[in-house]
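Let me begin by presenting the structure, written as structure tokens, before commenting on it.
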Amino acid sequence: MKLIIKNLILLLVSCLYFLSNVSCDQEVHMALLLEGQVDDLGINYEVNQGLAETEALIQRAAKVINDANSYDSTYDNIKSLLDQDNPYNLIITSSESQMSAALDIASDYEDTYFLIFGDMGDKKVPHSKVGTYYFNLVSPHFVLGFIAGGMGKSVGMVVPGPPTENYFTANAFYAGMKYYTSPAGAPNPSLSVVATSSYDDYDTATGAGRILLTKDIDICTQSQTDMTVANMFLNASKWAFGTNGFPQSNIYGNRIIQSVVHNFQVPFYEAATMVMKNTWKNGYNFFGDFNNNFFYLDYYSFLVDPLLKNQTEDLISTIKGGAKPYITNGLTYEKILEQTKLSTGITDLGYYAVPTTEVYTTGSINKTFMAVSILEMAICLIIGIIVIFFFSRNINIIYSTIPYCLTILLGASLIAVAIFLWNLRDLNTQICTSKIWMASLGYNVLIGFIIIKSSLIYFKFKEMVKSKNEKISPIPFGRIVLWFVPLLIIDCVLLIIYSTSGNPGKIDSLGLDGIGRYEYTQNCVNNLTGDIILYIILVFHGLQLLYGCVIAWKTRVIDLEEFIEAHDFATAIYLITFCSFIIVILMVGVTSTSNRNTIISACAIFSSFSCVLIIFGAKFWKIYKPVEDDGLPQIKLKPQKSYSGSGGSGNSSGSKSKKTSAHSSTSGVKSGTSAPTQTSQSAMASINIQNFVNPIEASSRAAAQNDN
């Protein structure tokens, strides 16, 4: 019995010991985001290959998402991976373009592990479960440059160039060429570099490759993500290096002298293992290089001498041992990455860009608007001359005042100038800024002076009705200006902010409005602040129109001939408001910049030109053809009792007749009317109602009768 108990205790202790040494692995659900397609035989292929090897090692399936090449697509894809019933707990990115989105969403998911690709620099990870990985950007090109130096060939290299990528790849390659000690009598290798401002643009890479092929260059290399330039050299029976992480000899054979292969399985497996074993290192950072087997060389081409192979392997061993032969002249690795100039000895072939052609398909439309705007300015000038020199003493002009008439013409002319600038072909910053100023100030003057005078007329009319005062006098121009100054200040402040903070300017827009990729049109642009200020300016003018419609509705009851222009003002305001609604409706469905400019120009010309014709056309028509008797009957008033003081119809008529006579003398016309005198109760007074309500027309008829 004791033996049985002893054996049971021993068995229990053994089980406890065994269980205590068994690790409780955590389930791993990996997901990888690629910037491009998995089958590109480049960086995306190698990243996916590293994930596939990691899957085999940990025996866990993973998910791969292609084309996560923007902030929004990266953020949305990661969020969908984490908001599932069985969420992924290890998210891996593969491009620096995905870094910002991954860091942002990682701050909201502190229980999820992230392995983010890229150089963090001064950025901080949001929590301890966020790790990073990157690789040496210099050592691979240094090693390939060493091989090129040993071959003694002329090499051409295509790089993005600053500001897309500094010249550290070209300088590292050239440093490797010089690091090789050529034997006596061996040819000196050379390096020529062309920049394209892009990692993967096919057209610019092709153009850069053509430049290198015309320079009697034997071998090409590059720091781009595809093999466009290499293919051009291989098709021309020349040779190339593989630099995008894929073992290019698998495709092109011995025509690829050597490739530096990226082994992404190393960081992926290390991160997945830490998640499984729950041994994640805070601040985990992997920096790939030859010393941790992230980089390794592909098969050598038969073109490489065996001695050079051995020398290259010795160089790799030196780097694995911790040496950094690519660091010269006391520069640190970080300083090498900051090099914006090519090293002395490199032939700089400059930047290549695909030639662009300007497209100008709206020439006839623009010329038409420019001609109409010039015509509008000319008509405004002619009207101003006529008002000043021919009708300055006409009562229709006197009640408007000459300065007011000229100010209305000035506002319309400023709008015409804006439309002229809007349709110029050759643009610059000054033109782009000036057209906004002219349009805003023009409408501010035109609308502002109309609504202010309409308001003053309405207030004066209400005061006359309230006080029963029949004395009528023109609205002083100075009073209108005083009311307009605040509107002008607001407009100028907004325009100054737009000019200083909105950064308006001209840009050559490639491929805009359906034209070719390398065709461009000149357009005016501004930044986000400029857009906001423009919207505020539009709201400002919209409020002016809204108030104008209200005051126009109120002035409909004014029947005094001296203030009849208030009805013309109302028509002008309604017209501008209608055009504004038309612009909004048309602009909603229009995406073409040229079509938008056409709509703006047409509505601006129509509204401003029509306002001038409405306001001054009515005035000139009354001057040219005074209103005749409208056929109203001569009403004989019955005898009324005479009251003390001024009263009764006779006095009222007499007062009105005196005022009419004064108006006639002011306009240079001698009045032939006289006020009837009040007699006894039996006297009969006969008046013409038209003389009472329309004194200007009465004086005009009197002048016509005298002429006869």
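We number each residue from 1, going along the chain as drawn.
Just so you know, glycine gets a Cβ as well, placed from its N, Cα and C.
Not measured: the values here are computed from a predicted model.
Positions annotated as signal peptide by Swiss-Prot: 1-24.
Annotation source Swiss-Prot lists N-linked glycosylation site at Asn21 (among others).
According to Swiss-Prot, the topological domain 'Extracellular' annotation covers 25-370 (among others), on the basis of sequence analysis.
For Asn235 (N-linked glycosylation site), other Cβ atoms within 10 Å of its Cβ number 10. What Swiss-Prot records for Asn235 (among others) is N-linked glycosylation site.
Under the three-state DSSP scheme, Asn310 (N-linked glycosylation site) falls in the helix class. The N-linked glycosylation site annotation in Swiss-Prot covers Asn310 (among others) and is backed by sequence analysis.
Listed in sequence order, Asn423, Leu424, Arg425 are the same-chain residues at least 6 apart in sequence whose CB falls under 8 Å from the CB of Asn366 (N-linked glycosylation site). What Swiss-Prot records for Asn366 (among others) is N-linked glycosylation site.
If you look up Swiss-Prot, you'll see 371-391 (among others) marked as transmembrane segment, on the strength of sequence analysis. Within the chain, the transmembrane segment (371-391) has long-range Cβ neighbours (under 8 A, six or more residues past its boundaries) at 397, 402, 405-406, 409-410, 412-413, 415-417, 419-420, 423, 605, 608-609, 612, 616, 620, 623.
Feature annotation from Swiss-Prot assigns transmembrane segment to 402-422 (among others).
Within the topological domain 'Extracellular' (423-435), the DSSP-based counts of helix, strand and coil residues read 7 helix, 0 strand, 6 coil. The topological domain 'Extracellular' annotation in Swiss-Prot covers 423-435 (among others).
According to Swiss-Prot, the transmembrane segment annotation covers 436-456 (among others), on the basis of sequence analysis.
The annotation transmembrane segment is assigned in Swiss-Prot to 480-500 (among others) on the grounds of sequence analysis. Listed by sequence, the residues of this chain that lie at least six past the ends of the transmembrane segment (480-500) yet keep a Cβ under 8 A from its Cβ atoms are 404, 433, 436-437, 440-441, 444-445, 448-449, 452-453, 455-456, 526, 530, 533-534, 536-537, 540, 544.
The topological domain 'Extracellular' annotation in Swiss-Prot covers 501-531 (among others) and is backed by sequence analysis. On the 0 to 100 pLDDT scale, the topological domain 'Extracellular' (501-531) averages 86 in this prediction.
Asn527 (N-linked glycosylation site) falls outside any helix or strand according to DSSP and counts as coil. Here Asn527 (N-linked glycosylation site) comes close to Gly502, Asn503: these same-chain residues lie at least six apart in sequence, with C-beta atoms under 8 angstroms from its C-beta. Marked as N-linked glycosylation site by Swiss-Prot on the basis of sequence analysis: Asn527 (among others).
For the transmembrane segment (532-552), same-chain residues at least 6 beyond its ends with a Cβ under 8 Å from one of its own Cβ atoms are 436, 440, 443-444, 447-448, 450-451, 454-455, 458, 487, 490-491, 494-495, 497-498, 501-502, 526, 569-570, 573-574, 576-577, 580. What Swiss-Prot lists as transmembrane segment is 532-552 (among others), and the listing cites sequence analysis.
Marked as transmembrane segment by Swiss-Prot: 569-589 (among others). With a cut-off of 8 Å between Cβ atoms, the residues of this chain six or more beyond the transmembrane segment (569-589) that come close are 443, 446-447, 450-451, 453-454, 542, 545, 548-549, 552-553, 555-556, 596, 599-600, 603, 606-607, 610-611, 614-615.
Under the heading topological domain 'Extracellular', Swiss-Prot lists 590-597 (among others). Summarised by DSSP class, the composition of the topological domain 'Extracellular' (590-597) is 5 helix, 0 strand, 3 coil.
Take the CB of Asn310 (N-linked glycosylation site) and look out to 10 A: across all protein chains shown you find 10 other CB atoms.
Residues of the same chain lying 6 or more positions beyond the ends of the topological domain 'Extracellular' (501-531) and with a Cβ under 8 Å from any Cβ of it are 203, 354-360, 425-429, 431-433, 435-436, 591-594.
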